[in-house]
Structure formats: structure tokens, C-alpha cells
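Working notes, structure below.
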Amino acid sequence: MVNIANPETKTGIRGYALQDTYRPNRAAGRLVKTVAAMSASVLAMTCVAQANPKMVIDVKTGKVISHQEAFRKWYPASLTKLMTAYIAFSAMKSGRLSPETEVVMSKKASDQPASKMYFKPGSKLTLDSALKLLLIKSANDIAVAIAETVAGTNENFVAQMNAQAARLGMSSTHYVNPNGLPGKGQYTTARDLAVLALILKREFPEYAQYFALEGVSTGKKNYANYNMLVGRFQGADGMKTGFICASGFNQVSSASRNGRQVISVVLGADSLAGRTDQSADLLQMGLTSSSGQGVSLASLAPYGETQFVNDISADICNPKAAKVRSESRDEAGRMIIKSPFVQEMTRPPVYSYAGLIPGSETVVAATGGKGSVANVPIPIPRPTF
């Protein structure tokens, strides 16, 4: 059991922000679980009343190792930023943009609710820095700035998001914004998120480092990765977390070990610690199970409830739930991580620079945030997975 300081920030229905510093306490003794016992416990329903979709897949084979409620529609929250990154990566790989492309903060981008960087309109940063802040700090303002850089307008970018989701076979996913803030019509499933994560791994290995960073620094402030498995779970290498009241605590994770690479999806956990525990146990199960068994992700047939988008706000954002989360901390206020596979991090995180271009903070945007419309790439065939 590991105690980690990362108290949940009370930001209400539109809140994403979590504290950005981790101070692990000493870990207690650890027990090795068998795969069979772990499988039974990991896939059991949590104590909260809401559903809890989960999935584990093997990256190399595309086989589904385990799944639960994989087709239940869910609010993605900041997991939306995985698709934002996918489209940005596509633009870089095609040569249309580069890591050094300037991203300019428009008024629309700067006006986005937290979690955000609070950069002023007209401020500039490279696309490389923007992607780091998108995926590690989960900055909503940066997501819109990237969208405008890639597609000219936020609306054009969202259209590209939905076009790519359809091309990838994410048949139960729809986007209305690039950052995952609450919005009617924004939904996905554990199965579709597994598809997206798998394609990110396969199509863009050269950009894998963006997901695996332990933290980012603007030069003025450091931000640790919200993914508490990075640096604490053996082989963890990304990917993204998310939270709004309607979704609960979501996480897509990946890990590599002994030539194996697996992806896990957890939706609707009841706490940050809960999603960390579930993700760690799922990854461990995937890494220690056979990779050749199970149905392929592409052939997994829909099942269960598939029509309605689940909203668990009433279970997550109420005084009772907040009290339960507070009681799961030690006397110093540190979260108690129960998974035996999450180890103590005995050093400070390594921070990668992701600041503004020097001298750009005082520049005032003259275009009102609307850039030229970017060329839309010609669609390519759906990939196999």
C-alpha cells in the first residue's frame, strides 16, 4: 500500500483539475497475486452504485484479454485529448506541421475553463510544448489552441475528430470539443478508447514519449503527470487520465514488459486512487496472461446496454462521495494506493520543458483567434487492429 499526496481539487461539475504534486510515503509490504485471483477481483463491480466499464488488450496481437461493459456509452472527459493528439500527430507525420510549428493562444482558447495554463491571448508556444501540456497537464486551453493550429478553427477540428473516429471504427464515439469539457453529444465507450489507444501505439511509435513524461515545466512552474502509474508501475509508459462529475475517474493506460505491451481502459472509478488501483491491476493481469487467447478487438461484438450515455454525477459529486474519498487518505492527507503493483517513487519526477516561446507573452493576437483554414488531409483506409 502506497500513500500519495494528490488531493482532489473541488472544482464542481466542470472541474478537471487535480493537485500537481506527488509526495509518496513509504510502501508497505507487497503480496504477489495470481492471475486468476486478480482477474476475479479486477473485473468485479466496485462498491459504488454506478457502472464501471473496463478493458485490457494486447497491443501486438490486438486480442482482448478481458472486458466488462465495453460498449456502454460514457463521457470521455479528458480522454478526449487522445483524439486531439492523434490528429496533431497525423499532421506532424505527414509533414504539414512540425514539432516547431507555432501555436498561438486565441481568446477562445484562453477563455476555456480549467484545467488550463492561463496563457494570455497572443502568447506562443511550439506544437511540441503544446502536446506536452495537453497530455501531461491536461490543459483545456491548449487543446483548443492546438485545434485551431491544425484545422484553422475549433469547429473544423471537431469535424476532423469525428471523421477520424468513424474511419478508425470507433462506432460509438462522438465529439463536440477537443478537450473533453462537459457537452451534450460527447461520448465514447471502453471498446472505442481501446481502439484509439491501440492505433496511437501502432501508428505513432515516434511520438510515444509524449505520453510517458513524468512531468512538464513551463520554466516557472512544474506539473507532475496526473497518471500516477508513470514512474510507479513497472513498465508503465502512458497514456491519459480524465475526470468530470458525469464520467467519474477515467484512465487509459499502457505498459511494456518482457516484450509484451498491453493497454487498459478504466471508466467511472469512484476516486483518483480507485482508477489507479484498477488500472495497475488490469495492466499486471494483461502482462502476465497469455497474449494469444481471446477474441480480437475488431471482432468483439456489441453487448449489454449500448443506447444511453451514462451520467454518474449524482454518485460522484455529492457530499457523501467526497467524504468517502477524504476518509481513504492517511492522517497527512495522502491518498492510499492499495494495489501491490504500484511502487513508491523515491525521487522527484523528471520534468520536460514546455514553456512559451520567449518574448511571446506580451504579443496581442490581431486575428481574434481565427487562423487560416488548414488543408484537410485526404482520408485514408481504416486500419486493421
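The backbone N, Cα and C atoms fix where each Cβ goes, glycine too.
TrEMBL labels come from automatic prediction, so no person has curated them.
Here's what TrEMBL has on this protein:
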- 50-270: domain 'Peptidase S11 D-alanyl-D-alanine carboxypeptidase A N-terminal' (DOMAIN)
- SER78: active site, acyl-ester intermediate (ACT_SITE)
- LYS81: active site, proton acceptor (ACT_SITE)
- SER138: active site (ACT_SITE)
- LYS240: substrate binding site (BINDING)
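Structural mapping of features recorded in TrEMBL.
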{"residue": "SER78", "record": "active site, acyl-ester intermediate", "DSSP class": "helix"}
{"residue": "SER138", "record": "active site", "DSSP class": "coil"}
{"residue": "LYS240", "record": "substrate binding site", "DSSP class": "strand"}
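Confidence for the domain 'Peptidase S11 D-alanyl-D-alanine carboxypeptidase A N-terminal' (50-270), expressed as mean pLDDT, is 98. Long-range neighbours of LYS240 (substrate binding site) (same chain, six or more residues apart, CB within less than 8 Å of its CB): SER78, LEU79, LYS81, LEU82, LEU135, SER138, PHE211, ASN227, GLN251, VAL252. In this view, SER138 (active site) is surrounded by 29 other Cβ atoms within 10 Å of its Cβ, with every protein chain counted.
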